[in-house]
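Trainee: TrEMBL lists these features:
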BINDING   181  FAD binding site
DOMAIN    223-237  domain 'Glucose-methanol-choline oxidoreductase N-terminal'
ACT_SITE  459  active site, proton donor
ACT_SITE  502  active site, proton acceptor
């Protein structure tokens, strides 16, 4: 979809927003990187007003959906590793290292160089999914299913995991493709709570609207970009704004569509391979795996003691003026509370940014991604027509603290490319010709490069945030929309801060939590 033009080095930049409009959603088109949230990130989420969502409570839900394939002896010898206690081994979602392991020579060089560039403060860890990935680097696994009999692997999307297998077939489930949700039909009960009584659905190609009756619950899973739009068309959202569109408000909930956020990527960093570089097990085209080695430096690793202290002060004294005026938050307290929790997370080694390495047949790519952005935007419909995309404005890099993180990440890309053993793998002129500012560039030069080259991280979260209602929250810790009796949300829009470095594996945990809450409610009603 066409996102709202965003800040750039020389004026607004148009940045399209990619999403998965297919069975499996984003899990069918993403990079399959097997990242999980961290202990520090989930602690921040819990401290925001979500009891029971800390790391120790959340880990079993992520394990529930997972079948992890441990690396075999050859993969272990090539650099793969794992911690069995943090994985699941009986769920429908396959997670494994590529078989065979991709480019072991690059994996060794990347891990060694990262440790040198960060003066040995970033160290090897056996498993980046153990909740404590900050300050570490490791070979990385992906959500791919390995077939032991056929010795083949494939993407393990939510569709391949939960819809297609014979073991997952259910007589009570009908999947209706080629249609979109128009809105929910609601009624207001005594006491003022809203109850969904129906769902209106229409063919994407046009045609008759279908009406489905609701017997128990509606679970909205349109994703961060579209779930707010469904609620808004249903009269749930900022009442004064909905009235300007001719929509009768049924529930005034200003947080619907606010708090929208995304990470950014620094992606156009490709280094031609030196003639002596000889990588094995590298495929081409759509089969390329992104992020075979991942590094998660902390704020202290990247900025040092003085720099990280200055960042901490910036976060704790942040002004909410711009996000508030831009519609990204419903009040100043929402932003300042999240900023304080981000500062707290950095103090207990939450990853500051992510660097990951991807080999090709002729070049190496080094990517950097911010993880905990503070800039906030919004999702907002401007018509009642469901065929028209909502306005999606992430307000990328509109707060200087986010630019500081991106600048620090860009500087480390330059240092990695200039440092052996990584530099031995690329041509002598690779860094100079890449467009990346060199190690002697000024902060302003690096800043201009970041603003002119960044792209969306495509890890959209937050637009129906799980946080207290007075901070702009939309759902409770049970994922129930405030002020409703039976409308639940179970997608990335409920994640209030970008504590998932990559969203998919964490969202399976969210789905397991939602399933548990649904069954609890159904059980209490049947008892």
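Each Cβ is built from the backbone N, Cα and C atoms, and glycine gets one as well.
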Trainee: What whole-number Å value do you get for the CA-CA distance of residue 181 (FAD binding site) and the residue listed as 'active site, proton acceptor'?
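Mentor: Given the Cα positions, residue 181 (FAD binding site) is 27 Å from the residue listed as 'active site, proton acceptor'.
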Trainee: With H, G and I counted as helix, E and B as strand and the rest as coil, say where DSSP puts the residue listed as 'active site, proton donor'.
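Mentor: In the DSSP reduction, the residue listed as 'active site, proton donor' maps to coil.
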Trainee: Can you grab the distance from residue 459 (active site, proton donor) over to residue 502 (active site, proton acceptor)? Cα atoms, rounded to a whole Å.
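Mentor: Computed Cα spacing between residue 459 (active site, proton donor) and residue 502 (active site, proton acceptor) is 7 Å.
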Trainee: What are the sequence-distant neighbours of residue 502 (active site, proton acceptor), meaning same chain, six or more residues apart, C-beta distance under 8 angstroms?
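Mentor: In sequence order, the residues whose Cβ lies under 8 Å from that of residue 502 (active site, proton acceptor) (at least 6 apart) are 30, 31, 33, 34, 35, 459.
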Trainee: According to DSSP, how is the domain 'Glucose-methanol-choline oxidoreductase N-terminal' (223-237) divided among helix, strand and coil residues?
Mentor: 11 helix, 2 strand, 2 coil
